[in-house]
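Record features, source Swiss-Prot:
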- GLU223, PRO224, GLY225, ARG226, ARG620: CoA binding site (BINDING)
- GLY421, GLU422, ARG423, ASP442, HIS443, TRP444, TRP445, GLN446, THR447, ASP535, ARG550, ARG561: ATP binding site (BINDING)
- LYS514: N6-succinyllysine (MOD_RES)
- LYS520: N6-acetyllysine (MOD_RES)
- 1-29: transit peptide (TRANSIT)
Amino acid sequence: MKPSWLQCRKVTGAGTLGAPLPGSPSVRGAGVARRALVAGFGGRGCRALTTSSGGGEYKTHFAASVADPERFWGKAAEQISWYKPWTKTLENRYPPSTSWFVEGMLNICYNAIDRHIENGQGDKIAIIYDSPVTDTKATISYKEVLEQVSKLAGVLVKQGVKKGDTVVIYMPMIPQAIYAMLACARIGAIHSLIFGGFASKELSTRIDHVKPKVVVTASFGIEPGRKVEYMPLLEEALRIGQHKPDRLLIYNRPNMEKVPLMSGRDLDWEEEMAKAQSHDCVPVLSEHPLYILYTSGTTGLPKGVVRPTGGYAVMLNWTMSSIYGLKPGEVWWAASDLGWVVGHSYICYGPLLHGNTTVLYEGKPVGTPDAGAYFRVLAEHGVAALFTAPTAIRAIRQQDPGAALGKQYSLTRFKTLFVAGERCDVETLEWSKKVFRVPVLDHWWQTETGSPITASCIGLGNSKTPPPGQAGKCVPGYNVMILDDNMQKLKARSLGNIVVKLPLPPGAFSGLWKNQEAFKHLYFEKFPGYYDTMDAGYMDEEGYLYVMSRVDDVINVAGHRISAGAIEESVLSHGTVTDCAVVGKEDPLKGHVPLALCVLKKDVNATEEQVLEEIVKHVRQSIGPVAAFRNAVFVKQLPKTRSGKIPRSTLSALVNGKPYKVTPTIEDPSIFGHIEEVLKQAL
């Protein structure tokens, strides 16, 4: 169904909002200022920051987004096609939730696919699929995506799926996973994508919570050196769970054995697609849930973030040019997993809404086949901008410190590298700049927000050479402030709670699935009138945010609040350590003292005792004796989630001899046993 009201005006990079306007940002000194780590008290927030640090267009946009959010986002929404105009741009009828584009109707699949074809862009490449684990490469045009998505929508409708029903997608990093997401969106079904290979128990919990009418899955996932059978994992999840979906739609991966189908329950993807009728887009209200995304490490009642359709479409389309500085048609690569929020926002919806080509990569930064993989993909596909996690960069650096494998590739089209997902230490940042030879920009956001909270908005003229260690300035719409526990605003460089003054902008979550009480309690009760990010950090005088750690990771040393992230950065800057996690170890005298778990670089010749002595001295010089840092242990590897995060709370429990739970998102759970052995010998 084609919208009849406000037809989309193609974003060409010259619109009033979202236009790339590079400006002339001032170049900042490369020196790393000593961190202000002990909490202080004063007052500062994004609203007050209008210093002369470059990016006049950014300042205008940010000020407008705070002063008149309805007008600001109403303008941005004109870049999206609507079936029915909204009656109110913003409404706070049910605080703390904010409704955007009230009573407006749209379809995000239409905006991501159909409208580009209607504008004559059907032959443009929508998806580049690059799978080193299967030695497969494919380019898929917008027309080809539409053909697959509209037929798959027809398959779902034939099985009784209708607007408001839920569908679980349990698939690897293949185009069919994106088709499934868009097909659900096309008919107004709510998808819940759970990354392939997720353990049966946790998969069962999510299926029971979301109660899907259909589960869409694949026969296998492929990891380096091994094949992951999805059906046994899914069968076990359904066996131990309460909810039984009506149908399983199974995609058998080519050149692999077919999985047997259960008569009356299972459907073969290819067979159903061959006889399917294409289905048109179904209009939905702006507040209609597009998807449910469960946050990693969920315990107790599942925490399923609900994403409203209209605001998400507006925000993602706006960010592609305003934050990432891209023009339609350019190639974009978010090196993440579709099962995480980055995959939802910036592998699937964001680039397609904006008319970009999105790279879908089924591989790893190293091991598929080597540490030159990222360079190959960037060169081969003419990628303009890459978004990855710092842990991926560290993995490349650890295996190839001089980036020798990357030197054979020409990166002539590559303009910018964005990192997020965890703090990017200065050492990793500087190495990335050196080997990729482009600006490397850290930015910060959360599953709940769906898009960046702070960033270097290069499309709005922000500096491409911000100070090391920062995570950008407030994205328009996000009025970030630093508060102490008594809701007092803190002065610049004082460590405190990072909060966002309400209302949240379009695209942020509208609730937790079947758990609105937890939504209110977790995020809005501690600081009334604000969204509690549960992260700790500080702002400098120029308005740059430094995200230091989760609030729970602030270590209380003899009454002083010390950021674990700051100590980690100091350890990494010494040059002998390639990865580090700092946790608080209980101490009878000081309450807690920091303990560093370190992974040494391959080329370090000194003994562990010598390295420890040097690191302790280095941390004392860069942070001061207040950190009380005296101990570290050396391990072969740190545990990481699939999105590259270190499970610090689990490590903290382990270090302190307490029971701990290994979440199903951990890539290699055996690392915990190794760390336990190291700690027994060292402490």
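Each position is counted from 1, following the chain as shown.
The backbone N, Cα and C atoms fix where each Cβ goes, and this holds for glycine too.
Where Swiss-Prot records a feature, it is marked here on the structure.
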residue: GLU223; record: CoA binding site; Cβ neighbours (10 Å): 18
residue: GLY225; record: CoA binding site; Cβ neighbours (10 Å): 8
residue: ARG226; record: CoA binding site; Cβ neighbours (10 Å): 8
residue: GLY421; record: ATP binding site; Cβ neighbours (10 Å): 23
residue: ARG423; record: ATP binding site; Cβ neighbours (10 Å): 25
residue: HIS443; record: ATP binding site; Cβ neighbours (10 Å): 26
residue: LYS514; record: N6-succinyllysine; Cβ neighbours (10 Å): 14
residue: LYS520; record: N6-acetyllysine; Cβ neighbours (10 Å): 15
residue: ARG550; record: ATP binding site; Cβ neighbours (10 Å): 16
residue: ARG620; record: CoA binding site; Cβ neighbours (10 Å): 16
Integer Å value for the Cα distance linking ARG550 (ATP binding site) with LYS520 (N6-acetyllysine) is 19
Tell me the Cα distance separating GLU223 (CoA binding site) from THR447 (ATP binding site), rounded to the nearest angstrom.
25
Compare the Cα of the residue listed as 'N6-succinyllysine' against each of the binding-site residues GLU223, PRO224, GLY421, HIS443 and report the nearest.
GLY421
Cα-Cα separation of TRP445 (ATP binding site) and LYS520 (N6-acetyllysine), in Å?
19
What residues, ordered by sequence, lie under 8 A Cβ-to-Cβ from PRO224 (CoA binding site) and sit at least six positions away in the same chain?
VAL133, LYS364, GLY367, THR368
Cα of ARG620 (CoA binding site) to Cα of ARG423 (ATP binding site), in Å and rounded, measures 21
